[in-house]
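Engineer: Okay, here's the structure, questions in a sec.
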Amino acid sequence: METVTSLVFIVNLLIIFTSVVNQARGDTCIDGLGYCNNCDERCKAKHGPSSESSCDRSVGVPLCKCYYECESPPSPPAPPKKCDGGAGICSQRCQGQCCDMNCAQKYIGGHGFCNTLGTFSFCQCEYPC
């Protein structure tokens with residue numbers, strides 16, 4: 001009696017574990033569906049007509065395993081493109097913070113910095129486009 005109780009306990013744990021956890025092997029996933037009654041029908045109903053099922057008898061009690069094609073994760077969104085623009089000349093009256101403020105007013109989401117080329121200092125802006 002104790003052996004049967006232990007076996008039932010182990011089988012129940014296995015059923016719970018396999019029904020909750022999907023194991024990914026390459027592009028094929030496995031879903032444990034419990035006992036083998038109507039295994040193929042339940043597999044196809046849950047994961048589509050291309051899924052395949054089998055009854056695993058390695059633990060003593062036949063358990064249904066459903067093999068199906070895993071969904072690929074969504075690709076991450078592309079980073080926003082950055083565009084360049086200008087907001088005039090940097091001077092003693094309008095330096096870094098002033099340039100940044102001018103770019104923010106001129107371009108949505110814009111930021112600016114003073115960029116010196118030779119003897120001239122231009123207010124250069126970067127903004128999402």
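Using N, Cα and C of the backbone, Cβ positions are placed for all residues, glycine too.
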Engineer: The disulfide recorded in Swiss-Prot for C36 goes to which of C29, C43, C55?
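Structural biologist: Between C36 and one of C29, C43, C55, Swiss-Prot records a disulfide, namely with C55.
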Engineer: According to the record in Swiss-Prot, which candidate from C39, C129 pairs with C83 in a disulphide?
Structural biologist: C129
Engineer: Tell me, from C64, C66, C70, which cysteine Swiss-Prot puts in a disulphide with C29.
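Structural biologist: Partner cysteine, according to Swiss-Prot: C70.
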Engineer: Looking at the disulfide bonds in Swiss-Prot, identify which of C43, C90 pairs up with C66.
Structural biologist: C43
Engineer: Please report the distance from the Cα of C94 (disulfide bond) to the Cα of C55 (disulfide bond), rounded to the nearest angstrom.
Structural biologist: 76
Engineer: Given a separation of at least six residues and a C-beta threshold under 8 Å, show me what packs close to C125 (disulfide bond) in the same chain.
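Structural biologist: Those within reach of C125 (disulfide bond), by Cβ under 8 Å and sequence separation of 6 or more, are D84, G85, G86, A87, C99, N102, C103, K106, Y107, G110, H111, G112.
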Engineer: Would you mind checking how many other C-beta atoms are within 10 angstroms of the C-beta on C99 (disulfide bond)?
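Structural biologist: Cβ-Cβ neighbours of C99 (disulfide bond) within 10 Å number 26.
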